[in-house]
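**Student:** Here's the feature list from TrEMBL:
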- 28-54: transmembrane segment (TRANSMEM)
- 66-88: transmembrane segment (TRANSMEM)
- 95-114: transmembrane segment (TRANSMEM)
- 155-173: transmembrane segment (TRANSMEM)
- 194-215: transmembrane segment (TRANSMEM)
- 221-246: transmembrane segment (TRANSMEM)
- 306-324: transmembrane segment (TRANSMEM)
- 367-384: transmembrane segment (TRANSMEM)
- 405-422: transmembrane segment (TRANSMEM)
- 459-478: transmembrane segment (TRANSMEM)
- 490-514: transmembrane segment (TRANSMEM)
- 534-554: transmembrane segment (TRANSMEM)
Amino acid sequence: MPAPTGPGERRRLLARGARGPARWRRAAGAAVLLVEMLERAAFFGVAANLVLYLNSANFNWAGEQASRAALVFLGASYLLAPVGGWLADVYLGRYRAVVLSLLLYLAASGLLPATAFPDGRRSFCGDMPQSPLGPACPSPDCGRTSPSPYCAPTLYAGLLLLALAASSVRSNLTSFGADQVMDLGRNATRRFFNWFYWSINLGAVLSLLVVAFIQQNISFLLGYSIPVGCVGLAFFIFLFATPIFVTKPPMGSQVSSMLKLALQNCCPRLWQWHSSRDPRDAHLLPDQGSPQPGPSPQEDITNFQVLVKILPVMVTLVPYWMVYFQMQSTYVLQGLHLHIPNIFPVNPANSSVALRAQSSSYTIPEAWLLLANVVVVLILVPLKDHLIDPLLLRCKLLPSALQKMALGMFFGFTSVIVAGVLEMERLHYIHHNETVSQQIGEVLYNAAPLSIWWQIPQYLLIGISEIFASIPGLEFAYSEAPRSMQGALMGIFFCLSGVGSLLGSSLVALLSLPGGWMHCPKDFGNINNCRMDLYFFLLAGIQAATALLFVWIAGRYEKAAQGPASHSRSSRDRG
């Protein structure tokens, strides 16, 4: 007998026989995982070489300007997650929200290949301004101002629209996929989240192996056309699988009720003024509220209390995200100034000359260093799901989600420390004028003779930290929230990770001001006169301090959660 459905809810149409429901639920979940893999392949195809693209001769952005733009894009793609979730809850429903987001994704991702060739750049950006002529520098110590970034309004607008589409897909597709397997049991839902995260990284591997290589060594036009094709294929698969999907209508959002409760508790005078202007919302107490669909006023109050307890735990994770997103910004910038070996060099004894002289000699894409992070995730997630977690559970040693998150912060701290030590060593060679010239794309970099493979440890450590911080963070947000607030807290989790990326971008911008550690006027696109090592150590200090705060807050939270009253309330709320 089919499960009952609510008003406007549609169950899968194709199930037949006794084994039909479970089989088609798994097929629907697999379709969601495939769509997510393609969407992430497109996202990493855009983000992996964004710093290199903006730092190329086509745009002439300085290194810190390109790095800042990458951090803004990455941060916005998480920070805007609640917007797509709210639209789905109130107006669209998750299915329509995913469809419309993929359409926006398709249009916005087309901007990058359109600006990768001269006619397209002139159409969208106008002519590149000519550099003003001036007297030559009288001495090697004279300062040079960073160039004005060409096409910045157009590129920032396109990247922000792309970030909105990506964030909406992420926030809605995650919950939409869980809806497909929810009736198969709690264990099926938990395993779906594990494999959902695995599919994200599989898409990243495909993108980094193929797209990053094409972008760096062949053509940005072709390299940025592939993500457009991935989004188009994801859109087709999602529409093709529509008959087997479970879809639910929009049920309304609790955001307004939460804001009213916060206003009533924190600012009573402002609340009285608002109530006098809008008498319909003047009473929110359980015995005074009018009947309405959706969560009751009592549930609103309970959910607000739960949010107040959970939010400090999630906020103290923000500095970890500041460290995490360095692997797609400053780690990339650092790698461009390390020696990148050639693939099949024609003249191995002088690979830099061969690189400039032989078109058949390709450099290893700098973005391939991200594979160290991704491969760790691809290996550890199945091991965690099939071996580590069951073994620890049998031995009664399985740590809580909060304990795993604290361990993830430690590995993030060690990653940025390793990056800082490597940067100190790189600058040692630079200051002794021991450099090699290497051309990456169309830009000539003065790099230290240190091999780029020295970056592998910092990427590996970030990958291990992701297993312990990011996946348990999703588990915490999903399991600790009442059922009526799971989507909202998922959006807040992604939003706070975006806050971490934007804070890292703001710190880069602050330190790039004259007198700052990352102010590099002499380099004109290179970072050889920057003190990026001090930036890495500053991030490490921030991470260490907030990790101690996180341990204290998490300990108080777990102690409160062990109380009998709190346990019974949590069980009742989660149903």
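Any Cβ shown, glycine's included, is placed from N, Cα and C.
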**Student:** Thinking of Cβ pairs under 8 Å, which stretch from 28-54, 66-88, 155-173, 194-215 has the most of them with the transmembrane segment (221-246)?
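**Tutor:** When the Cβ pairs under 8 Å are tallied, 28-54 comes out ahead.
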**Student:** Output the single range from 66-88, 194-215, 405-422, 459-478, 534-554 maximising the number of Cβ pairs under 8 Å to the transmembrane segment (490-514).
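**Tutor:** Looking only at 66-88, 194-215, 405-422, 459-478, 534-554, the most contacts with the transmembrane segment (490-514) come from 66-88.
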**Student:** With pairs closer than 6 in sequence left out, are the transmembrane segment (306-324) and the transmembrane segment (459-478) joined by 3 or more CB pairs under 8 Å?
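**Tutor:** Counting Cβ pairs under 8 Å (6 or more apart in sequence), the transmembrane segment (459-478) reaches the transmembrane segment (306-324), since there are 3 or more.
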**Student:** Does the transmembrane segment (306-324) come near the transmembrane segment (405-422), with 3+ Cβ pairs under 8 Å (pairs 6 or more apart)?
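**Tutor:** In contact, yes.
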**Student:** Which sequence-distant residues neighbour the transmembrane segment (66-88)? Criterion: at least 6 residues beyond either end, Cβ under 8 Å.
**Tutor:** 43, 46-47, 50-55, 94, 96-97, 101, 149, 155-156, 159-160, 162-164, 166-172, 175, 250, 253, 255, 321, 325, 328-330, 332-333, 487-488, 490-492, 494-502, 504-505, 508-509, 512
**Student:** Are the transmembrane segment (95-114) and the transmembrane segment (194-215) close enough that 3 or more Cβ pairs fall under 8 Å, when only pairs 6 or more apart in sequence count?
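**Tutor:** These two segments do not touch.
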**Student:** So what's near the transmembrane segment (405-422) in sequence-distant terms, Cβ-Cβ under 8 Å and 6+ beyond its ends?
**Tutor:** 317, 320, 323-324, 326, 330-331, 334, 399, 450, 454-455, 457-459, 461-462, 464-470, 472-473, 476, 533-534, 536-537, 539-540, 543-544, 546-547, 550-551, 554
**Student:** The transmembrane segment (28-54): which same-chain residues, six or more beyond its ends, come within Cβ distance under 8 Å?
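**Tutor:** For the transmembrane segment (28-54), the far contacts come to 12, 61, 63, 65-67, 69-70, 73-74, 77, 102, 105, 109, 112, 116, 149, 155, 162, 166, 169, 173, 176-177, 180-181, 192, 195-196, 199-204, 206-208, 211-212, 215-216, 220, 223-224, 226-228, 230-231, 233-234, 237-238, 241, 244-246, 328-329, 332-333, 336, 365-367, 370, 440-441, 443.
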**Student:** Restricting to the same chain and to residues at least six past its boundaries, which positions have a Cβ under 8 Å from a Cβ of the transmembrane segment (534-554)?
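**Tutor:** Sequence-distant neighbours of the transmembrane segment (534-554): 312-313, 316-320, 322-323, 326, 330, 402-403, 405-406, 409-410, 412-413, 416-417, 419-420, 423, 504, 507-508, 511, 517-518.
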